[in-house]
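Quick notes on the structure that follows.
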There are 2 protein chains.
Amino acid sequence: MVAPKEALRVGLLGCGVVGSQVARLLVEQSEDLAARVGAPLELVGIAVRDTSKARDGVDPSLLTDDAHGLVARCDIVVEVLGGIEPARTLILESFAAGASVVTANKALLAQDGPTLYSAADAAGVDLYFEAAVAGAIPLVRPMRESLAGDRVTRVLGIVNGTTNYILDEMTTKGLAFDEVLRTAQELGYAEADPTADVEGHDAAAKAAILASLAFHTRVSLDDVACEGITKISADDVAWATETGHAIKLLAIAELTDAGVSARVHPALLPSRHPLAGVGGAFNAVFVEAEAAGPLMFYGQGAGGAPTASAVIGDVVSVARHRVLGGKGPDESSYASHPLAPADAAVTSYQFRLRVDDKPGVLARVAQVVAEHSVSIEAMRQQGTPAGGVANLVLTTHRAPEAALAATVAEIAGLDVVQEVTSVLRVEGA
Amino acid sequence: MVAPKEALRVGLLGCGVVGSQVARLLVEQSEDLAARVGAPLELVGIAVRDTSKARDGVDPSLLTDDAHGLVARCDIVVEVLGGIEPARTLILESFAAGASVVTANKALLAQDGPTLYSAADAAGVDLYFEAAVAGAIPLVRPMRESLAGDRVTRVLGIVNGTTNYILDEMTTKGLAFDEVLRTAQELGYAEADPTADVEGHDAAAKAAILASLAFHTRVSLDDVACEGITKISADDVAWATETGHAIKLLAIAELTDAGVSARVHPALLPSRHPLAGVGGAFNAVFVEAEAAGPLMFYGQGAGGAPTASAVIGDVVSVARHRVLGGKGPDESSYASHPLAPADAAVTSYQFRLRVDDKPGVLARVAQVVAEHSVSIEAMRQQGTPAGGVANLVLTTHRAPEAALAATVAEIAGLDVVQEVTSVLRVEGA
């Protein structure tokens, strides 16, 4: 029996959906946590804006409106405020006071992660953020530690539950985007202002963090090329199903010859791909590494209790480091890669065209594709030509985004082409 | 810039499919590894039985037949010999010499894991074993660390690639077990003596380790109730597909009212369950935790490079602990649970019967079920009665294994029942 160690003081910044669950777990699991850490964890305060508001299951005497005072007297600070300020300042103050920090704040990490990692390293303390990328799914720890002797080459993630739910409903019920979005809003699955989700901004923040993690490279939100799901039509979804694909909004981080490519866009995935079956509001991240091969991590990407589970796992890790000495992996000492320009990303396109139904059209389209050094994987007709109009579907092999975009632009201008009905990227093939 | 630390001496026990890949990665990734560890890793020797045998890409001057001498001069010992002895003795000698150990040895951990964990704790060194459960899939670290503040309630794993491949082939090609096994043996996907795989023994060793990990309870191979896939018929598979299920060999570790249940058996999984889509030789482990909810980890469960990736991840972790002070989680200090008797496991049965096609048969069968306090979820006819014979399919709600087994035994003895064609458990519903 080891002599009991002095308690570690834990301060909580924020007491919303996640924070209240963190507070609950710290109290309910205190015995188990003490055994795992090697010292008791004492929740010494919870910083909130309004201390008079009652919070279910939270001891009101712990509430304080003095966040700065709280971080100054803690060994471990848990930041679940969200947003940039005052979270950023409070985290830097925590480091300055010698405290380790656990955060679930994806917006802050996507904007200013490298600054925070460096500040933590300089102060000799930990900054852990498992909950920031995909809620409850253990992802940061496997990437930082389990794959420490491997080389990650690509990450494909379904990291936004709202858009995954919408695409799922469009697929299973054959409904249009607007219709599904409206229902999702009524059910509370989508926000009144759904922009951050449906335009891909939330996924882009996570793509920036994933790319930084996978390739030890400073990738911020502004470096992520981003396209949402608002243009996906019911016809796109139906055609995808018919050809054995699922449409998913993917966060992609990839190491290419031109450097690190980080982007978010809808993509066609072959239905045999492990990500294709990830339904509803679930998240999953597919990682390809040189030695390990393909890996996938699946679970709940949001919600109070799941996110709190990830936060508490981090609290135990940083607490153990304080009890035993040492700290977690240092993110600032790795080799870094350049960022690839957005149009250097390598992908493949599937595009659909309304063309004049007459001889020679296919040849002209194929020639334009060839002139851009893009090669065609498949070209077929969708449906039967009618009224002098045919629908063509072209799928290319992988090529640089710039060449693919230029190909489509030139094809759109051909006199025999009436309309480019749809352009979708194909991934995971 | 921190002053360079003294190199850590790494000794490798075994140089087969996994060992040679570990040796390769230690050399090829040495710069990255040094950056991540904070000190260089020096491979000081590789213990093999026959030092005269050439090994691709391995420096012959590193080979030694003196394993005992090697472990005495190492900081970190990597054991990839497999089997019980001499692996067990060498690991204990390593601890005695103050070295940390990374092992991929599932047989040894399933038989004697708790003794080894205690010996490591007593010596104040690490024993890491990510590669022992599901090859490349990060599973041990997420369970030990990411979920440290949560409570795991159930683990369902597809942890044997050979049987998963066989069941997959039976499903997609409609072939019988024997036929698929023969082809798998010809292709090298199954051993000449396939017993360890098809009878579920390999999966049972992994179930023991998973149960120990999930519930901090001493579970050894002998505690795992085990049933293989040799009795699965083509008809079982066809019927499963028809009713929207997949048949998978599952390693199950579960916390029940009676304690920890660890078992291996084939089971029907609803096709929407994330494990149902895991095909071919892949492995996946589905974990349910109170706060995190459902999680799944997917990847390659075997093979030289994937397993070596997991081994190297562990080497980096234990090496960091030596450089920075501290060690990994202590497995011996947790609360423990009792083991549930095998027949207390709670599951549900789907069984098929050939019965006389006459009035009153259903009622008699239903009455037997009710008398065992089992409730029926569904009862239906398979096909159309012919020649005075009908085929019945019963699916029960969850009930203790003992009650379910007694129910089937009594039904088999009814004069109106000609044969119990098949009994399968249903999980994940």
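Using the three backbone atoms N, Cα and C, a Cβ is placed for every residue, glycine included.
Those TrEMBL annotations? Automatic predictions, nothing curated.
The structure displayed is predicted, hence computed values, not measured ones.
If you look up TrEMBL, you'll see B:Lys206 marked as active site, proton donor. Same-chain residues at least 6 positions away in sequence with a Cβ under 8 Å from that of B:Lys206 (active site, proton donor) are, in sequence order, B:Lys106, B:Ala110, B:Ala132, B:Val133, B:Ala134, B:Gly157, B:Val159, B:Asn160, B:Ala251.
According to TrEMBL, the NADP(+) binding site annotation covers B:Leu13, B:Gly14, B:Cys15, B:Gly16, B:Val17, B:Val18, B:Gly19, B:Ser20. Taking a C-beta cut-off of under 8 angstroms and a sequence separation of 6 or more, B:Val17 (NADP(+) binding site) has the following same-chain neighbours: B:Gly303, B:Gly304, B:Thr307.
According to DSSP, B:Lys106 (NADPH binding site) is assigned to a helical segment. Among the features that TrEMBL reports, NADPH binding site is placed at B:Lys106.
Here TrEMBL flags B:Glu191 as L-homoserine binding site. For B:Glu191 (L-homoserine binding site), the count of additional Cβ atoms within 10 Å of its Cβ stands at 13 [all protein chains shown]. In the three-state DSSP assignment, the secondary structure recorded for B:Glu191 (L-homoserine binding site) is coil.
The DSSP breakdown of the domain 'ACT' (B:350-425) into helical (H, G, I), extended (E, B) and coil residues amounts to 23 helix, 37 strand, 16 coil. As annotated by TrEMBL, domain 'ACT' applies to B:350-425.
Within the model, the domain 'ACT' (B:350-425) carries an average pLDDT of 93. The sparsest Cβ neighbourhood within 10 Å, among the listed binding-site residues (B:Gly14, B:Gly16, B:Gly19), is found at B:Gly16. In this structure, the CA atom of B:Gly19 (NADP(+) binding site) is 20 Å away from the CA atom of B:Glu191 (L-homoserine binding site). In the three-state DSSP classification, B:Lys206 (active site, proton donor) falls within a helix.
The number of other CB atoms found within 10 A of the CB of B:Cys15 (NADP(+) binding site), across every protein chain shown, is 24. Residue pair B:Cys15 (NADP(+) binding site) / B:Glu191 (L-homoserine binding site) shows a Cα separation of 20 Å.
Residues B:Leu12, B:Gln21, B:Val22, B:Ala23, B:Val80, B:Leu81 surround the recorded NADP(+) site, their Cβ atoms falling within 8 Å of the Cβ centroid of B:Leu13, B:Gly14, B:Cys15, B:Gly16, B:Val17, B:Val18, B:Gly19, B:Ser20, which are themselves excluded.
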